[in-house]
Amino acid sequence: EHFYTDMGRVLVALNSMKATHPLHASIATGATSTALTKGLLGPHLYVTVRHAYDGVLKGSADQSIVLTGVSGSGKSRAVRDIVQYLCHCSAKEASHMPTRPIDTMAAKIRGALTILEAFGHAPTQLNPNASRFGLVLGVQFQQGILCG
């Protein structure tokens, strides 16, 4: 089953109430990362994030990803997946460094998301754990490495 389709630069997630796409579990494999970079796997959230990250590496204009949908459509989950993939990309860029500041920064970002979710979720008729806030998440990079 395909979870994603696209319309140009717009990615549409379908069947969001079902289990996570198997690609999420296999992100760490070199073949999967290469296929994502080259766009060989078709529409996917990570392909969209990779395009934005490549824009950061090229030093082009600031990049944005906007998530929208009804309650329970998977926006909060997508934010976590975006952060996970950005941390993965950044860690690969930082792999040559003797110290790994990315590990600390990634933990801080994931921790901040956890705190926001802990205080900002409440049950609704459609979703027992709905976000009750809008989220604008900004991350900074230096030479492709997540720094803030």
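Cβ atoms are placed via backbone N, Cα and C, with glycine included.
All annotation found in TrEMBL is predicted automatically rather than curated by experts.
Among the features that TrEMBL reports, domain 'Myosin motor' is placed at 1-148. Feature annotation from TrEMBL assigns ATP binding site to G69, V70, S71, G72, S73, G74, K75, S76.
Features per TrEMBL, on structure.
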residue: G69; record: ATP binding site; Cβ within 10 Å: 12
residue: V70; record: ATP binding site; Cβ within 10 Å: 11
residue: S71; record: ATP binding site; Cβ within 10 Å: 13
residue: G72; record: ATP binding site; Cβ within 10 Å: 17
residue: S73; record: ATP binding site; Cβ within 10 Å: 16
residue: G74; record: ATP binding site; Cβ within 10 Å: 20
residue: K75; record: ATP binding site; Cβ within 10 Å: 17
residue: S76; record: ATP binding site; Cβ within 10 Å: 20
